[in-house]
Each structure stands twice: as structure tokens, then as C-alpha cells.
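Provided herewith is a single structure, encoded as C-alpha cells, for subsequent inquiry.
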Amino acid sequence: KLILFFLLTFFWISIECIHPHPLDPLTRSELNLVRTIIHKSYQTSTKLNSITFQYVGLEEPDKAVIQSWLSSNTKTKTLPLPPRRAFVIARFQKHSLEITLDLSSRSIVSTKLHKGHGYPMLTFGEQTIASQLPFTYEPFKHSLSKRGLNISHVLCACFTVGWFGEEKTKRTVKVKCYYKKGSANLYVRPLEGIAAVVDLDEMKIVGYSDKHVIPVPKAEGTEYRASKMKPPFGPKLKGIAVSQQDGPGFTIRGHSVSWANWVFHLGYDIQAGPIISLASIYDLEKQKYRQVLYKGFISEVFVPYQDPTEEWYYTTYFDCGEYGFGQSMSSLQPFTDCPANAVFIDAYYSGSDGTPVKISNAFCIFEKYAGDIMWRHTEIAIPNEVINEVRSDVSLIVRAVSTVGNYDYVIDWEFKPSGSIKLGVGLTGILGIKAGTYT
């Protein structure tokens, strides 16, 4: 029976995925097509001058086009999809290009050169290369030596530097480092006072500072992995089973979800992460769906640390615009990130070179019932009769987790039969620490 269930589930998912929608995120094959088209137009002889893909996403049709397509599609007829286009922000020869592509004709529709302030989102590829540069930089080696630190236990990361009104800027990041010996909790063991400035276009260190020597915080008591922790632990909780004998109460057709009196589209973007579109609720009186939300997503998460010192004042991150909420989404773990009755959906984004990168279990969708009451009434005023009417408060949850450095954001879109949509953002992860001295 279990094998048959998995076979039927796979068949159901395969069949449902053939129903395209104009707001569906770019598929793996479409991302490969974008890469091919761009590379044909921007061939370079040197790796340093090669084009990098900072952002690749769906170029959405206008709202009026989407609404017209929706209203014209019925169970008996299906109109062809609007033209499928992609929007690319690329970095080429120290310039930012905004490129629109038509995927059906396999051609570039328009190219704009970005002028003025602002730079595109960081990619994981360039962050990885930049964070390795200090390890071959002699002043950095000297800084570690005078602190008595072993370079093999050092890890580094990239930090955006913000903009403070300068007329001319370069695309730079600061690289700060941590010490991992004795604990996986590297964020509470910073190498305070050391910072390298990296030019991402030149991919080299263009500035370095070693202001002062502050001891690296000790590793004792900083572990968060359960297998490495020592007693005492927290309270022991007995497990809670979630069972739906008849299977999930929702249906997924490609990226379109229907549940109870709701229908909506679940999209994905490398910068914004989860996108909820065309959320509509069934109106019993009018006998049709009424749109509640055309498009909803987290536009930005701004994290200003507000420390005025020279080593920290620039710490004012935009976790979506600079690091990418979608790019940073974690693969969700069954039974822990999501309950046993959850269904998972993968996502794809373009890496630095345009190659598609898969995020397995990027989303989970499940019905949640915590024993709450949506509505109830007990009536005893009627002679010889007692009425007890109760409605359980069951919700549909669409969940994703974005891990940006030390922070883990748990994003929940919650739909309720009563007609409300609730967005919850839970903050967890590891604290960012500034090392200091004390007596």
C-alpha cells in the first residue's frame, strides 16, 4: 500500500505539473535557455570580463493581461499563455545591464545600461571567491600570526558596505572573519578589528585594516548542535502525531493551490523568495471567487545594527535586495521544519554563471490545527433543547525558511476559511556578536 501511494503521488504530481500558468517561476530548462541566449550575445575571451548573472526572474505580464487571461479561461476552454519573458540583471565589464528576453523567440527584446547609484544583488559565487581572498593576503596572515591563531580554523564572509551619499562608488564588500576551532557557532567568535575591502569587479583586496587586537571569545558554552551539547537540557516533550487518513485537503496543480474556499498561486523569486498571487475566496452569495490579494511578497528586510564605531557603522543590511531571500532559502526538513502531513515543492534559481541551482523542498504546504476555535455558540434559551455549534480553526500554511548569514527567517503565509490571510515572519538562528574586552 505504501509503495502504491508513492507511485500514485508521483503520477499525480507529474500530471498536475503540465498545467502552466503565466505567473509560474522560470523552470530549469528556461533558466538554461536564458543562459544560452545571454552567452551568445556577450562572448568574452577572459574570465575576468565574463558576464555574471546577478538576477534572473520572470518578467511578469501586466496585471490587465493576467486578469484578462484568468477571466477568459474556463473548464471548457483554455486561452494560450501570454508571451513568456525573462528579466535579467547582469554584470558585464563593470556595468550593470538590465536585459529582457523573449523565451518563445529565443531573443533579447531590450537591454538597458543602469546609470546612477546602486548595484545588483550579490551572488553566492562571487561571495565565495571574495571570502577566500584574505587567505593568500600577507597582511591578513600577519594579523592571525600576532594573535596566535591557526589559519586552518578561520572562516570569512562578505558584508555589504551601504551607501552614505558618496558621489562615486565601486562595487565593494567588506570581508570579516571568524574562528571555528572548538565550536560550530562561528558567529559568536569574530576576529574583531580585522576587515578586508574587496572590489567585486576586480575581485581583489583594495583595502585592509587591523585596528586593534581583541581576544577571540572562548568556545565553551557556544555550541548549538544537540549532539555536541552537555547537560542540562530543556524539558522533554512527548511527540505529537499529525494524521490525515484521507490525505491532504488541498490540491496543487503546477503552482496553483486550492483549499477549502481559497485558490491562489505560489511563485518564487531569487530576490523576494515566496510570492503569493491571485489569492481569491469563494463568495457563497455571488457563487464565484472574489480576489482578495493580487500579489504579496516580502519586499525587503532592513537590518541596521546602529553601532557608530568605524568597524560597524556600515552594517545596515538589506537581506532581500543585497543577499536574496529566495537565493538564501533552505531545504526544509520533513517532520521538523514541517509536519508529517506537509507536501513539498522545489525551486530553481540561476547561479553566477547562469547555471540553474535546485533548492530541494524549498516550500512546504500543510493544514494546521492547533486545537483552536474559529467560532462557537451554546444556546440554552430554547425550551427542552441545548444547541452546541463549534467550528474548528483549521488553517492552510505555505512555509519557507531563508537563512541569511546568522539569521533564519521562518516565513508563513496562513490562509483561514474565515477569509483572512496572515503573514508571519519568525526570527531564529544565531546572534551576531561584537567582541570586546572586560575585567
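Just so you know, glycine gets a Cβ as well, placed from its N, Cα and C.
The signal peptide feature in TrEMBL is assigned to 1-17. Taken from TrEMBL, the feature domain 'Copper amine oxidase N2-terminal' covers 21-112. Feature annotation from TrEMBL assigns domain 'Copper amine oxidase N3-terminal' to 120-217. Positions annotated as domain 'Copper amine oxidase catalytic' by TrEMBL: 241-434. Annotation comment: TrEMBL describes D319 as active site, proton acceptor. Residues or ranges marked as active site, schiff-base intermediate with substrate by TrEMBL: Y407. Taken from TrEMBL, the feature 2',4',5'-topaquinone applies to Y407.
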Write out how many residues of the domain 'Copper amine oxidase N2-terminal' (21-112) are helix, how many strand and how many coil, based on DSSP.
24 helix, 29 strand, 39 coil
Between D319 (active site, proton acceptor) and Y407 (active site, schiff-base intermediate with substrate), what C-alpha distance do you get in Å?
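D319 (active site, proton acceptor) and Y407 (active site, schiff-base intermediate with substrate) have their Cα atoms 10 Å apart.
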Average the per-residue pLDDT over the domain 'Copper amine oxidase catalytic' (241-434) and send me the rounded value.
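Looking only at the domain 'Copper amine oxidase catalytic' (241-434), pLDDT averages out to 94.
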Sequence gap of 6 or more, Cβ distance under 8 Å: name the residues on the same chain that satisfy this around Y407 (active site, schiff-base intermediate with substrate), in order along the sequence.
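Correct list: V303, D319, L427, T428, G429, I430.
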Mind tallying the domain 'Copper amine oxidase N3-terminal' (120-217) by DSSP state, helix then strand then coil?
29 helix, 29 strand, 40 coil
